[in-house]
């Protein structure tokens, strides 16, 4: 599928507006047009993280399936888990179009979508009806015009508690004004306290404890990373997701869209996001789970995230360039790489490159 996509499908899709092309890809998944890409079960890739058993460590990041339209078809592409959202309490249209830009020269994407989604009710109805057996996380956010953003996150926990495999508290999108301010220490402490208190209430009501992850930006300073790490460890948080898109444009090749406002993802994000991942692993120690995101485009880059401290990895933007066969190719490639290393489990490779990445300077 990836080869066919590279030679034929990509050229056709790239003639279409990126947002329309995304809609077509979702429609193709919904219709069953794309074939299932089965990956062989490899016990060396299976991971138990935050109490959940992941068949393999590769997940679809939030942002692709905003409204929970295709979690099942995504899992059938070979992903070990998927994440819907970001969803906000009320539907919102996001920022004006155009708002997605391909950086073909760099195999990157700039987006300034602004949490466009159909709201809690629509996504909840789809997840409830789907009754999926796989791991499906719910990425929750706040409405742009919300007067109480912390309350929006609390509402997300309450709304999806019965159907979410895990939650991601997304406070790191650069496209909602002021959202990243919630990463400041006092604001973060208040947010985590409120969200985790709601989790406690829902756990008592429904008799199950759903893991909660915090998704952070790659643009934090060393001091900002200190604050996030200390608050994460001070609260009953289940893990971190590192990282969201970046505002940096360092290293981009000349191109028509490199100056567009928004968050940069894809291959250009790999080094920065992996550096921040390793710095966070060094700060939080060995026990707090971390999901590594940003620039994963191959089995080698996925495994490098693990070496830099990730328990699991996610991708999205690189599939724009490689096609729907990418997840199965990565999982199969990771199996071969782990076998070559001669280890019993991929976990044995985690942290082996933390120092090399964490010693890099930011900015």
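In case you wondered, yes, glycine gets a Cβ from its N, Cα and C as well.
When the candidates 30, 200, 215 are compared with the FMN site entry in Swiss-Prot, which names 62, 63, 64, 65, 66, 86, 139, 170, 243, 266, 295, 316, 317, the shared residue is 215. Every protein chain shown contributes to the tally, and the Cβ of residue 244 (substrate binding site) ends up with 26 other Cβ atoms within 10 Å. Taking each of the binding-site residues 66, 112, 215 in turn and counting other Cβ atoms within 10 Å of its Cβ gives the largest count for 215. Pairwise Cα distances among 66, 111, 112, 113, 114, 115, 170, 175, 244, 245, the recorded substrate-binding residues, top out at 16 Å. The CA atom of residue 266 (FMN binding site) is located 15 Å away from the CA atom of residue 173 (active site, nucleophile). Here the candidates are the recorded positions 66, 139, 173, 316. The one whose C-alpha lies nearest to that of residue 114 (substrate binding site) is 173. A gap of 10 Å separates the Cα atoms of residue 62 (FMN binding site) and residue 170 (substrate binding site).
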